[in-house]
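Worksheet: the structure to be examined is printed underneath.
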Amino acid sequence: MPDYMQEIERISEFLRKVLQGKNAVIGISGGIDSSVTLALLTRSIPKERIIPVFMPDRNTQQADYDDVQKLTQKLGLTYREVRIDPMVDSFVSTLAATDRAAIGNIKSRTRMIILYYFANTNGGMVVGTTNRTELLLGYFTKYGDGGCDVEPIEHLYKRDVYELAKILDIPESIMKKKPTAGLWAGQTDEDEIGMSYAQMDEILSDVFDKGTYNDKPEYKKIMEMHSLSDHKRNLPYSLKK
């Protein structure tokens, strides 16, 4: 069993080293990953150097507003709120966009633009919130939530993030919430992928940590997602000199 207290200290030291006195800009949603990452930041650098940004849209649930407020108050932080609807609507209107997934990616990339605005104007670095499960599945938007300067929990499976959340005393309402990327109304990660995070973590750990694999349909699905998203985990294709 991993030593999660030691892992918290390791991540905190990593963040201090990488940020090197710069401000930390982080997008928060009221979800488990951004909540844990925000709490880790408070253990790493002075609170006045942390800039949390909440970027809701018309599909954002009231529970998310409540959880963002609850968490930031608990951590002694002040957050910025920027609604993304006007910007996203402008893109959708200009492009006559109708594809739900493409519009979801526009939302994610709009949030990235906002975070980099605050980083540019506050001498900061953008802190990402992608976990290892999402990384291996490619379950993130290229140049969207995948666009950042440092990824402090990218080596942790979703199950590990929950273990850290317990130690960091993340509010129970956040712990119990169904994970969602919030890209369209009613979307949840597990429904979209078609299996629980516990199943995903077990399969990914079997394949990438233990080197074991079988021909069960769920293994094939996970490996197909990994293969199709390979481009997200690599630099753009280019010719060698």
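Glycine is no exception: its Cβ is also placed from the backbone N, Cα and C atoms.
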Matching residue for the deamido-NAD(+) site, where Swiss-Prot names K142, D149, H231, K232 - out of R80, R83, R100, R109: R109
Among K107, K158, K210 - the residue Swiss-Prot places in the same ATP site as G27, I28, S29, G30, G31, I32, D33, S34, T129, T180: K158
Sparsest-packed among the binding-site residues, when each Cβ's other Cβ atoms within 10 Å are tallied, from G27, G31: G31
G27 (ATP binding site) - helix vs strand vs coil (DSSP): strand
Nearest-integer angstrom distance between the alpha carbons (Cα) of T129 (ATP binding site) and R109 (deamido-NAD(+) binding site): 14
